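Enquirer: Would you mind keeping the following structure in view while I ask a few things?
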Amino acid sequence: MLYLIGLGLSYESDITVRGLETVKKCKRVYLEAYTSILMAANQESLEKFYGREIILADRELVETGSDDILKDADKEDVAFLVVGDPFGATTHTDLVIRARELGIKVETIHNASVMNAVGACGLQLYQFGQTVSLVFFTDSWKPDSFYGKIMENRKIGLHTLLLLDIKVKEQSIENMARGRLIYEPPRYMDIATAAQQLLEIESIRQEQAYTPNTPCVAISRLGSPTQTFKAGTLQELSEYDSGEPLHSLVMLGRQVHELELEYLYQFVDDKEKFKKFVEQDQEFFKPAPYVPPEDVDSE
């Protein structure tokens, strides 16, 4: 049996009771180590808490070496541990498909992830639209596929959760070209970088999916002892020191409920100023009034 087990957001003890019991009985235990990190735990503390040796599974192993993970999983129990919830990344869906093609049974044990814990910032989960990812730009590569999705969310008044890039065990182009297994230091996108990249793409596209004054909420180290929220405009957050990783960003939609707004006030520097920007943004994205089609006489 292959078990996909969510670990939650921060502590080694965030695993569910059923998840922990399952880990303890598995022959092999893998920890997916490239889409996220546990902020208050490491491999050593996990092994001590679970009482099991853990094999780190990097991107290369999961995406190209899945046969190694699935080896003998039809005869013995194998655990695949994922920070957050197992289905927070499409990579894990691919692993399940591969297992089923090999006739291996699969069971999933869910847990909290940023996708539901984001509600801790005070915004209502059913007011969120499509979630988007924001990757680190380079001098020659500045993908903007997220832009259209933000525009769609904003037009119908929904908030947008932006998941910020994580670079773990990545190679430089030069090292890849030379076939050298030398990896870059880990990098985690912070709030200021995310806001700056968003503003850069808006300056290029100029379709006004958002503006420098669009209200946002910065989320840092969600679920950890140092969890922090900061509400402000995109321009303000482009200069915000968000501290240690991990980070996410929420761009507010037009339909901000008064209870959401009241909750956000505790995270702002200037309540009246923030309220004014929210009101301006709501007016900016106010849809045009519906005009019914004219009757056309049929002859």
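Including glycine, each Cβ sits where the backbone N, Cα and C put it.
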Enquirer: Please pick, from LEU9, LEU20, LEU31, the residue that Swiss-Prot records in the S-adenosyl-L-methionine site together with ASP85, GLY88, SER113, VAL114, LEU164, LEU222, HIS247.
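Expert: S-adenosyl-L-methionine site check in Swiss-Prot: besides ASP85, GLY88, SER113, VAL114, LEU164, LEU222, HIS247, the record includes LEU9 out of LEU9, LEU20, LEU31.
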Enquirer: Show which residues of the chain containing LEU164 (S-adenosyl-L-methionine binding site), separated from it by at least 6 in sequence, have their CB under 8 Å from its CB.
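Expert: Once residues fewer than 6 apart are set aside, LEU164 (S-adenosyl-L-methionine binding site) is near SER133, LEU134, TYR188, MET189, ASP190, ILE191, THR193, ALA194, LEU246, HIS247, SER248, LEU249.
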Enquirer: Would you give the longest CA-CA distance, in whole angstrom, between residues of LEU9, ASP85, GLY88, SER113, VAL114, LEU164, LEU222, HIS247, the set recorded as binding S-adenosyl-L-methionine?
Expert: 17
Enquirer: Helix, strand or coil for LEU164 (S-adenosyl-L-methionine binding site)? Use DSSP.
Expert: strand
